[in-house]
Each structure stands twice: as structure tokens, then as C-alpha cells.
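Undergrad: Got a structure here, written out as C-alpha cells. Questions coming.
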Amino acid sequence: MYIRIQLISHRLNLGVKLQSRIDMPGGDNGSSKPEVSPYDEAMDALSSLITKRSRADPGNKGDRFDLLFDYLKMLDLDQQISRMNIIHVAGTKGKGSTCTFTESILRSCGFHTGLFTSPHLIDIRERFQLDGVDICEDKFLAYFWWCWNRLKEKTSDNVPMPPLFRFLALLAFKIFAAEQVDVAILEVGLGGKFDATNVVQTPIVCGISSLGFDHMEILGQTLGEIAGEKAGIFKHGVPAFTVPQPDEAMHVLEEKASQLDVHLQVATPLDINLLGGLHLGLDGEHQYLNAGLAIALCSTWLQRTGHLEVNYLERTTSLPEQFIKGLTTATLQGRAQIVPDRFIDIKSPGDLVFYLDGAHSPESMEVCANWFSLAIKEDNQQQNSLYNHPLDNTGASHESVQSYHHETSRKTSTQILLFNCMSVRDPQLLFPRLMNTCASHGVHFQKVLFVPNISVYYKVGSSAIPPTDSQVDLSWQLTLQRVWENLIHGEKGDAKGSDLICEEGKDDAEKSIKSCEHSMVFPSLQLAIKWLRDNVQQNHSARFQVLVTGSLHLVGDVLRLVKK
């Protein structure tokens with residue numbers, strides 16, 4: 001395709017010009033400056049667009065939303081977007097999973113798919129998928145520089161460069177238009193009404209996943225207010241689907257739909273029997289809700305684009321083979337993901353396993369706790385089964401295999417929580433949901449490790465370097481520790497207001513670690529991972545099952561450290 005060659009050439013010709021624009025103040029661009037790769041140069045440029053400490057900054061709400069239409073015209077995308085076959089999905093929980101199922105189904109049906117999601121876990125290219133694969137670096141750089149330089153040339157004091165997320169949404173539109181995708185699936189970043197993806201005016205179908213309390217400082221303090229923001233993606237006459245919602249939220253969704261002549265339907269959760277004995281690609285009971293919504297979105301998209309005469313929403317006894325394939329092969333990092341630590345030097349990598357889920361709202365904490373409790377129960381049962389029925393593996397003697405199973409079965413499984421969350425979250429709401437749900441399954445964390453994230457809010461890129469340990473502000477992590485310890489002592493009948501008895505590490509390597517009876521605060525994630533690895537290596541009778549949750553950024557940071 002000729003545009004790809006032109007874009008790559010365009011980036012190479014203009015890369016030097018851009019570097020001078022984004023050099024640090026007083027930037028002497030002399031030979032003493034370390035050489036920057038084209039990809040890192042693009043990450044530096046993106047970092048310069050970060051204007052808020054986080055997307056949860058109240059100033060982000062509807063901040064000159066109309067400028068998005070100006071940016072589309074600058075990029076010659078206004079007409080191209082109107083011709084895209086778009087599926088638009090908002091929600092508090094499950095919107096990423098719904099989009100992943102939707103993309104996988106339509107790709108299995110033979111369509112050329114584009115998927116825009118957020119946030120990324122390790123590399124920003126994860127946000128832009130073509131046919132189920134992250135966009136390659138060459139294409140990303142080509143389209144990035146094209147958009148960047150066009151906007152740099154045309155923006156002004158009155159119409160400044162867009163902030164980070166808006167730029168990424170515009171870049172997604174450029175990628176999907178240039179790659180001529182058959183379908184573009186867009187996940188709302190935050191809210192709906194004023195989200196950058198809502199510049200789309202003529203989607204084929206819209207979806208709203210489960211609603212709950214999140215980003216309340218921007219979206220509102222009640223479910224009704226939050227639902228109103230999410231319903232902002234409804235477009236006149238465009239059909240929409242949602243999942244069963246609390247009455248307060250459903251009432252608002254129905255009211256907004258009625259005002260815009262939107263036919264709003266509630267998607268039925270997927271019946272497991274329709275998968276023919278197979279399992280969903282994404283783990284967790286809650287995924288049957290998201291899968292049902294994805295089926296409704298795909299079926300409607302196929303009908304409205306002239307590709308399907310049969311309405312699969314009305315069929316309760318079977319699903320097309322392509323739908324089943326899409327649902328059972330879908331993958332999504334950081335949601336109900338299980339990763340053994342492959343870097344630890346022990347005989348069995350299963351002795352340190354990370355259970356990762358980016359839950360960060362009270363409702364998703366409960367879902368996460370249920371998933372984790374059932375997952376470790378299944379894991380422990382499998383270990384016992386291996387011991388009771390050892391297999392004679394090819395390439396290994398029966399004695400060595402049996403010895404391994406015997407050694408594994410004798411190990412005690414210990415549950416550890418590795419946690420961080422944004423300071424706008426309320427741990428008084430998050431921790432009880434997590435703690436009580438796990439306890440209902442008989443799961444209790446022996447230790448909780450609180451850490452700051454590696455990734456920093458002011459820098460984009462997989463190699464973003466955090467401050468050194470001595471510079472880290474741990475006041476939030478210490479607050480989380482205090483809340484957790486008080487909850488534990490409260491459960492035991494201790495005085496909740498009593499002072500916590502904590503101590504610092506005794507040697508230089510651990511002097512910044514704050515240790516209480518049930519929890520520890522580490523100045524870095526790397527130190528927490530080292531502590532876990534050291535304990536597993538020193539205690540040969542232990543298996544550590546580590547739940548990582550509270551933040552998708554934390555999940556991404558852990559994946560960088562433990563996944564090859």
C-alpha cells in the first residue's frame with residue numbers, strides 16, 4: 001500500500017526537525033548527548049503532551065471537547081471517520097474484555113479488524129491492534145510522525161496540541177483509516193460523553209458494560225450521574241446494548257436512549273453450554289456477561305453492515321463456529337492472568353506464581369477476589385492430583401517424575417497480596433470487598449506488600465525510569481498499610497484506633513522497608529519482587545501465590561519484571 005512507504009519516508013525526513021522541537025530547555029544538541037532511538041524519540045514527544053498528573057484530574061472533564069473536530073480536519077480524517085464501521089463501547093468494568101471478545105469474534109469471521117484500547121501495560125503500541133496483533137514499530141512510527149508533524153504545523157495558541165489521550169485517539173483513527181480496516185472497535189478511555197473516542201458521530205452499534213463507582217471525582221457521585229456520562233456515547237437512532245445494571249443506572253440509560261431514539265436492549269449473559277465444551281479465552285465467571293454483550297454487538301454489526309441475515313441474538317441453542325472460535329481464543333493481558341515467575345532460580349517455577357488482575361473499583365475487587373480464590377483452589381487441586389496420580393512423562397524416568405510430584409505436593413501454599421492504587425481511590429471501600437470475598441472462600445493473605453508503581457505519570461515508554469529509592473514518596477503506601485492493618489485488627493476485635501507497631505529494615509539493603517505484623521511497604525517494586533524470590537528460595541516447603549491488583553499500571557510493571 002503506497003501510503004505506508006510515503007509515511008515511513010515522511011518520518012525519516014522529519015525526525016531531525018522534531019528532535020529540535022522536543023529537546024530539553026537549554027538543549028545543546030551536541031555530540032555529548034546520548035543517541036536516542038526513533039522509538040524513544042516518539043515516546044519523548046508523547047510525554048510532552050502529558051498536561052495532567054493523571055486522566056482522573058478534574059480539569060479533564062469536557063476540556064474544550066470541540067477542539068477534537070478541529071484536529072480531525074487538520075488530519076483530513078473527518079470524512080474518513082464518517083465512513084468507518086465502528087463499534088463503540090463504554091462502561092466501568094468489563095469494557096476492555098467486551099472489546100477483546102468483539103474483535104476476536106469478527107476477526108474469526110474473516111474481517112480486517114482494528115482495536116483501540118487503554119491503558120497499555122508495557123508498550124504503548126498495545127493500544128493499537130490490527131487483526132489481533134499490536135501494531136508493528138515501523139507502522140506505528142510512520143503514522144505517529146505523520147500525525148505529529150501535521151498537528152505541529154497547524155495548531156496554534158488558540159488551538160494547541162492535543163493532550164496525550166486525545167492524540168492517541170486521533171492516531172488510532174489515522175491508523176485504522178490508512179489500514180482500511182473493515183471494523184474499528186473503540187474502547188472509551190474515561191467516562192463517555194467527553195471522551196476523545198466520542199468524536200465519532202455515526203457508529204454502527206454502541207455498548208455499555210457493567211457500571212459501578214469509579215472516577216467519581218469526574219463522572220459523579222451517584223450511579224445515575226455515572227450512567228449519564230457513559231450514555232453520552234449514544235447517537236441518534238444507533239442501536240445500543242448493555243448488560244443487567246442496578247436500577248438507578250438502568251433508569252438513566254433508558255431515559256437517555258429514549259431521548260435519542262436509541263433502541264436499547266439488555267444483552268443476555270452467554271450460556272456456557274453454547275461453547276460446546278470449550279472455555280472462554282478470558283477467565284472468570286464475570287466474563288460470561290461480557291461475552292454476551294460482545295455477541296450482541298457483533299450480531300448487530302454484521303446485520304447492519306449487510307453481512308448477516310440471521311439474528312443470533314434470537315438463537316438460544318447454538319452459536320456460529322466463528323463466534324465460538326472468537327470467544328474461546330480471545331486473550332487480554334492483565335485481566336485474570338496467571339504468570340509463573342520464570343526468572344527465579346528454583347527447580348519448580350510454580351513455586352512463585354503471580355495472579356494478575358487490574359481491578360481498581362469496589363465491584364471489580366469483589367470479582368477479582370472470587371477469581372483468585374477459585375483459581376488457587378483449582379491450582380492446589382491440580383497439584384494434589386499430580387501427586388496422587390503421577391504421570392510417566394516422556395523423557396524423564398518414573399522415579400524422577402514421582403519424586404518431583406511428591407516434593408511439590410508437600411509444599412504449603414501461601415497467599416500474598418501485592419498492591420497499589422491511585423490516591424483518588426478509597427481503600428476503605430476497596431479492601432473490605434477484597435478481604436471479605438477472599439475470606440468467604442477460606443483464603444487469607446499471610447502478608448500484604450505495598451509498593452509504588454515503576455511507571456511514572458510524566459513519562460511514556462516501557463523504559464521509563466522511576467526516581468531512586470531515596471526520592472520516592474511513600475506516604476500513600478503507608479496510608480494503605482495503616483488502613484489494612486486497622487481492618488485486620490478490627491476483625492480480631494482489637495481497638496481500631498490503636499497505634500500500629502511497625503519497624504524498619506535492620507540492614508542497609510532493607511532500611512527503607514516498613515514492616516508491620518500483616519504488611520510491608522517497599523520503596524520499589526523491584527525490592528518487593530526480590531523479597532518474594534528470596535523467601536521462596538530460602539523456604540523449600542513454600543509455594544507463593546501472589547495476587548497483584550489495584551492498578552493496571554502495577555500489573556504492567558510486574559509483567560515487565562517476571563514475564564519473559
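Including glycine, each Cβ sits where the backbone N, Cα and C put it.
No curator has checked TrEMBL annotations; they are predicted automatically.
From TrEMBL, for reference:
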- Ser118, Glu187, His215: Mg(2+) binding site (BINDING)
- Arg335, Asp357: ATP binding site (BINDING)
Undergrad: Under a criterion of Cβ-Cβ distance under 8 Å and sequence separation of at least 6, what residues of the same chain contact Glu187 (Mg(2+) binding site)?
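TA: Correct list: Val89, Lys95, Gly96, Cys99, Leu115, Phe116, Thr117, Ser118, Thr197.
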Undergrad: How many other Cβ atoms are found within 10 Å of the Cβ atom of Ser118 (Mg(2+) binding site), counting all protein chains shown?
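TA: 22, counting other Cβ atoms within 10 Å of Ser118 (Mg(2+) binding site).
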Undergrad: Report, as a single number, how many Cβ atoms besides its own are within 10 Å of the Cβ of Asp357 (ATP binding site).
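TA: Counting Cβ neighbours of Asp357 (ATP binding site) within 10 Å gives 26.
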Undergrad: Report, as a single number, how many Cβ atoms besides its own are within 10 Å of the Cβ of Arg335 (ATP binding site).
TA: 25
